[in-house]
Structures are given as C-alpha cells and as structure tokens.
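The block underneath contains the structure these notes are about, expressed in structure tokens.
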Amino acid sequence: MSIEKTYCGFIAIVGRPNVGKSTLLNKLLGQKISITSRKAQTTRHRIVGIHTEGPYQAIYVDTPGLHIEEKRAINRLMNKAASSSIGDVELVIFVVEGTRWTPDDEMVLNKLRDGKAPVILAVNKVDNVQEKADLLPHLQFLASQMSFLDIVPISAETGMNVDTIASIVRKHLPEATHHFPEDYITDRSQRFMASEIIREKLMRFLGAELPYSVTVEIERFVTNERGGYDINGLILVEREGQKKMVIGNKGAKIKTIGIEARKDMQEMFEAPVHLELWVKVKSGWADDERALRSLGYVDDL
C-alpha cells in the first residue's frame, strides 16, 4: 500500500498598509480570518490562516503592513512582526496596489531582495485602475525591480485570479507532513478572534473619526448552559473624547458595534453568543511597550 505524499509550507503575505493583504488571505482561505477595513494598520498581529486541500497544506502568515514611520512603540513592534515573518517562510506573496508605487513599497521590496524565499508579486485592485493603458507599462516596471517567481494581476475583493495565486503556492510547497489537522483554519484562539471581530467593527463604524489608539481586551469568554458563549469585551482608548465617540449618542454607536460583532462571532463559532462591551480610557497604551506586551502585541515575535 503506497502512502500518499503530503506537502506543507509557510507563506508570508507582505506589503505596505492597506493594499489588500487581509482581503487576499480571507479569499485564499475561503472565509474571514484576518480583519479587513479601509483604514491602514488594521492588522496588528501575525494571524496564521491554514488552507488544506488534499495532500497540500498552505500556512499563511498575514503580516502587519510594513511602515517607514516607526515613532510609536506599536508601529515599531508591528514592523518587527512583519519583518520577522519574511525570514522563515518557503514563499512570499508581495501585494501592491494597482499602478501605485510608494516609498513604503520600495522599503518592502528592499527587505525582500535580501531574503532567500521566492516572491510572487500580486498586483491587487487592478479592476479599480481607471487608465487601463497605464497597467502594462507599470507591470513591466515592477518586473524590472527584482526576479519575481510570478507576477499576477488580481482583485482580492472579487476573487479574480486568486485561484492562480493558490495554484502557484501549491506547486512550491515542499514535501512535508502537515502541521495542523485538515479542519483547522487558524491557530489563533476563539478569544483572540473575538477581539479581532470587535476591532474590525470599531474600524468599520467609526472610520476616520477614531485614531489607531483603540484596542480590545476580552475579559471573559466562557461557555454557558445554553451551549453558547458569554463574552465580555473591554474597548481601550487613550482619551475621554474617544470614549464618547465609541459610545455614541445615547449609546447608539456601541450598540451597533455590539450587534454586528455578535453576528460575526455566531457565524464563526457556530453557536449563540451573548456579548457585552465596555469602554475604558487607558492613556498612552500605544506608546508603552509593557502595555503592548500585556495586550498580546508581542506574543509571537
């Protein structure tokens, strides 16, 4: 009886903030793992998404966007997380946006040139490029920057050519035993995923109003006698004015955030969820490395 060969490897998804890395990861996995929002810097942890298909297991590392800006402790730690992801993988997917090329893209490229892993260039949001005639010269410019394994124009939002990326990934997975059972889609705990869902809703419903000085701590996550979960989430902000913003007029904003977060949690955990949210002012947390460690920002560096 012949034993079927299995293939397994780690793939880093890298790029400057807000180019669509999290959306691409979610499409590759077929469901939502990494939070997506139109604000830059929404991914703060290295989330591992796992996709197993027959003998192939691809383990995706969703990095925070690499930044030139390193003034705040949180930005320094996010850059460290992103850079460390690049060093220990079989393959890198470098995501750029349409015909835009910025100093941040250049910085990511320089880090990739120093690395050993082959790089797929995913040119995202090509469906949004107004001047289609600009696309080909831009792709030629990108091709001249380094020796990419492949250059794939994609739309992570619609899923266009995402299967092409997945196919290239499968071809480059080394022969190895699978790291995770086939039904795993992430190595993160439910508690962690609950905090990410709440944070996504904060980003979505507060938009540009709220600065990045907001995070979520899950104070309680227990199963109840109804077979569901009781979850208490604490939203930390830096100033009293931000607290009022999160709560909204007569509590309307936090109520909406809670309702939408609960829906996503119930879908993800496949069980009823009772969710309660509080807002607390904890000034200076984004500048304090000790506070960031206690909130889990450096647990995987």
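Just so it is clear, glycine is given a Cβ too, placed from its N, Cα and C backbone atoms.
Remember, it's a predicted structure, so these values are computed and weren't measured experimentally.
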From 62-65, 102-105, 186-189, the residue range that Swiss-Prot assigns the feature region 'G3': 62-65
From 15-22, 287-294, the residue range that Swiss-Prot assigns the feature region 'G1': 15-22
Conformational class of N18 (GTP binding site) under the three-state DSSP mapping: coil
Three-class DSSP secondary structure - V126 (GTP binding site): helix
Binding-site residues compared (G15, K21, V126) - highest count of Cβ atoms within 10 Å: K21
Helix-strand-coil residue split for the domain 'KH type-2' (206-283), DSSP-based: 33 helix, 28 strand, 17 coil
